[in-house]
Amino acid sequence: MTSVLALETSCDESAAALVWRDADGRFEVSSARIASQVEEHARWGGVVPEIASRRHVEALPGLIQQVLDESDSTLAEVDAIAATVTPGLAGALMVASVTGRTLSALRDRPFLAVHHLEGHLASVHLAEHRPQLPYLVLLVSGGHTELIRVEADGAMERLGRSHDDAAGEAFDKVARLLGLGYPGGPAIQAAAEGGDGRRFKLPKGRISLPEGGFHPYDFSFSGLKTAMLRTVEAQSGPLPTADLAASFEQVVVDVLVERSLRCAMDHGLEELVMVGGVAANRRLRQTLEQRSNAVGVRVSVAPLAYCTDNAAMIGAAALLRWDAGARGCSLRTGVSARWPLAQVDQLYTEQPAF
């Protein structure tokens, strides 16, 4: 078995995990720990980068020790060390990156630089049921909403994306509009319980093609956000928060499910994988399961514990790289707030990508 100590500090979650992979390709998470900053950032209505970086510095060493202790392991017994290096908040990324590279140098262990989105894509491999390649991934999080085809050889092709707000970002902004607090995903889900999701008619944003018509797989949530603002402003008397939250949640779910299933069927893909923080949404999981069964598309969803940012998914991504032949990145590798997923292989070239 191969083991990796994985570190994640790309935004507001400090995380460490010890992940193993056996000869049959099965993953085992022997320990995974997260120190969340949600309550602290909630006071500001969103993530404050400087605060996030400071809290990562304070939390990460203790998380690493806790993970090793719970796994009854030591750094000397770990085969490699991995850390998220892109994309994310640059200052926050530096904490895991510098820590990981320092431990790699001190213990003479390979360092594996991981793209945060590659981590989300790998999270589904931590489920009991492993998806069968090729498949379509719906990556839906606070910063990204994309449809990605994954081939049998691991090659990836983006087939759809959001042209403005990501779905998770829209949840945060609408939650703020409704006075529900941060983070928006869980807040709207809770508020929508018992609400009428069909009471308010809201737009399903589409992207026009230059030659006419609409792109069948792309997303746009900015118009929906504006429509919610106008709907709220048009209300008189007490705000029907439950119905507003349910109507917003329902239209986002409908758009994500409809376009994902259409993309899968149009490309002859029999399995749809859903990952990312928004994949934790209960209505989305239930609706996708129901509608996929109706059209004969299998669905795999990342385990609930590994939908939001965590280090176990970073470890899984690193181990997939390891089994594909990667044996480490340059210790001169830095961090980047943005880096295309399509160029992730450049992290493993002799010359650091950044």
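Cβ coordinates come from backbone N, Cα and C, glycine included.
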Check Swiss-Prot: it lists His116, His120 as binding Fe cation. Then name which of Asp254, Asp266, Asp309 it lists for that same site. Asp309
Which binding-site residues sit within 10 Å of Asp309 (Fe cation binding site) - Cα, from Leu139, Asp172, Asn281: none
As a test of the contact definition, list every same-chain residue at least 6 positions from Leu139 (substrate binding site) whose Cβ is closer than 8 Å to its Cβ. Leu117, His120, Leu121, Thr145, Glu146, Leu147, Ile148, Val275, Gly276
How big is the gap, in Å, between the Cα of Gly142 (substrate binding site) and that of His116 (Fe cation binding site), rounded to a whole number? 12
For substrate, with binding residues Leu139, Val140, Ser141, Gly142, Gly143, Asp172, Gly185, Asn281 per the record, max Cα distance (Å, no decimals) returned as 17
Looking only at Asp172, Asp309, which of these binding-site residues has the biggest number of Cβ atoms within 10 Å around its Cβ? Asp309
Around the Fe cation site (His116, His120, Asp309), what further same-chain residues have their C-beta within 8 angstroms of the site's C-beta centre? Glu8, Ser10, Thr84, Leu117, Gly119, Ser141, Gly276, Asn310, Met313, Ile314
Looking only at His116, His120, the binding-site residues on record, which one has the least crowded Cβ, with the fewest other Cβ atoms within 10 Å? His116
